[in-house]
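Sequence annotations record features per position, and here TrEMBL assigns Fe cation 1 binding site to E71, E101, H104, E185. Annotation source TrEMBL lists Fe cation 2 binding site at E101, E153, E185, H188.
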Amino acid sequence: MQKNHQAQASLRNLSCLDNAVSQCDTVLKTLLGQKTNSQRPNPAQKIPEPTLNAAEKIHSAGLMRVNHTGEVCAQALYQGQALTAKLPSVKEDMKMAAIEEEDHLAWCQERLNELGATTSRFNALWYSLSFSLGAGAGLVSDKLSLGFVAATEQQVCKHLDNHLKALPRSDDKSRAIITQMRQDEAEHAEMALTAGGVKFPAPVKAAMSQVAKVMTSLSYRC
């Protein structure tokens, strides 16, 4: 009997260690830009590279850098929530959403490479904050965690709508990527509410919007 208990304890310790190693691997790959293989085809892969002048290229790169940082935050948010979610169904929803966000991350990285631009130097900061928020929300309750996802994704949809309007007219490659991202994010928001997420009040959403403005402003420039 004692040996069985010891064996079970060892398995639990190994499971925790495996999860920790897997989490660290995910963090490093996300921040170092190594998650470049998407499961779905890049929406822009068959679209020819547009002719952009210097100012347009800088502007497109700035917008796509913001979107890349947003996907880094999304990865962190979902990973944190999956870690602390209580219901297995919620954990699974978070993991599946994170996989789709990996596609977005890869597409944004590819587009930045094509534009000769780099990712934001502040990504590690935003990742840490987002992971902490996600894990904290999950610790409180699954409903709060899901509500946070819905509110965040709704904010992202607004940003993406603005980016679609702000892109240089000829940059159809970036536009195709953002359009698909926008569709996926709307589905994530709906999924979170359908799964029982609470609807955040307007003042909370307004505060989230102000934080997002700081992130987008910094990421656009560097």
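Here, residue 1 is simply the first one shown, and the rest follow in order.
In case you wondered, yes, glycine gets a Cβ from its N, Cα and C as well.
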From the Cα of E185 (Fe cation 1 binding site) across to the Cα of E153 (Fe cation 2 binding site), what is the distance in angstrom? 6
Taking Cα atoms as reference points, rank the binding-site residues E71, E101, H104 by distance from H188 (Fe cation 2 binding site) and give the first. E101
Would you list the other residues of this chain near Fe cation 1 - those whose C-beta lies within 8 angstroms of the C-beta centroid of E71, E101, H104, E185 - in sequence order? G70, A74, Q75, E100, D103, L105, V156, M181, D184
Beyond the listed site residues E101, E153, E185, H188, identify every same-chain residue whose Cβ lies within 8 Å of the center of their Cβ atoms for the Fe cation 2 site. A74, A97, E100, V149, T152, V156, D184, A186, E187, A189
Name, in the order they occur in the sequence, the residues of the same chain whose CB lies under 8 A from the CB of E185 (Fe cation 1 binding site) and which sit 6 or more residues away. E153, V156, C157, L160
Neighbour count, 10 Å Cβ-Cβ cut-off, for E71 (Fe cation 1 binding site): what number do you get? 25
Under 8 Å by Cβ from H104 (Fe cation 1 binding site), counting only residues of that chain that are 6 or more apart: N67, E71, A74, M181, D184
